[in-house]
Amino acid sequence: MNKNVVIKSLAALTILTSVTGIGTTLVEEVQQTAKAENNVTKVKDTNIFPYTGVVAFKSATGFVVGKNTILTNKHVSKNYKVGDRITAHPNSDKGNGGIYSIKKIINYPGKEDVSVIQVEERAIERGPKGFNFNDNVTPFKYAAGAKAGERIKVIGYPHPYKNKYVLYESTGPVMSVEGSSIVYSAHTESGNSGSPVLNSNNELVGIHFASDVKNDDNRNAYGVYFTPEIKKFIAENIDK
């Protein structure tokens, strides 16, 4: 994909896909759902991998990258503080992997929309495997890379409050990878910010942060591609 096209699209046609008041879609949800029904799936069991690696914020998504450590977007974490809570892989009223308190927030120093969040190891509300965060979740591993044409999936909590924290999985092809940017054609909505972008082996390719406002067959979504520098930052900030 031409770089200038991507930049113009990001500048003019994208929304940040959390529901924190940063951006709102200009098309009705009914139209979006009809457009995406062939590649969006409701997750039935969040207690199996890869879904055990996903966590919910009040208005967005995150995922586990190591001991007591979650990744999300800067535009998500700026609305949270130490002591606030996250929920591990909730499944509406069918339970969750525990509720945990945030103990540290570290934003990536570059322009990329990446933020590390460390949580207290002991749950405020226990999960099915006890009170320990690491017993109730599964960290993701990195993919070797990604390229145009490969299939990816985005797993997260679109419209989390409205959808009662039901987890959804959306799939589509990679359109382009350039530097720390990855563009893909997968349907995402408000609340998907911070969702993991995974390859067919459920390995991390990047983190989702925005999507086009337009609603047609050319609607793209945007993520931060995990470069060696970003992986190094994450590794250095995993809880010890």
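Each residue, glycine too, has its Cβ placed from N, Cα and C.
These come from Swiss-Prot:
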type     : residues : note
SIGNAL   : 1-36     : signal peptide
ACT_SITE : HIS75    : active site, charge relay system
ACT_SITE : ASP113   : active site, charge relay system
ACT_SITE : SER193   : active site, charge relay system
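Annotated features, which come from Swiss-Prot, shown on the structure.
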| residue | record | DSSP (3 states) |
| --- | --- | --- |
| HIS75 | active site, charge relay system | helix |
| ASP113 | active site, charge relay system | coil |
| SER193 | active site, charge relay system | coil |
Give me the count of other Cβ atoms within 10 A of the Cβ belonging to ASP113 (active site, charge relay system).
24
Number of Cβ atoms other than its own within 10 Å, given for SER193 (active site, charge relay system):
34
To the nearest whole angstrom, state the Cα distance for the pair HIS75 (active site, charge relay system) and ASP113 (active site, charge relay system).
7
Using Cα coordinates, what distance in whole Å links SER193 (active site, charge relay system) and ASP113 (active site, charge relay system)?
10
Taking the Cβ of HIS75 (active site, charge relay system) as centre, how many other Cβ atoms lie within 10 Å?
20
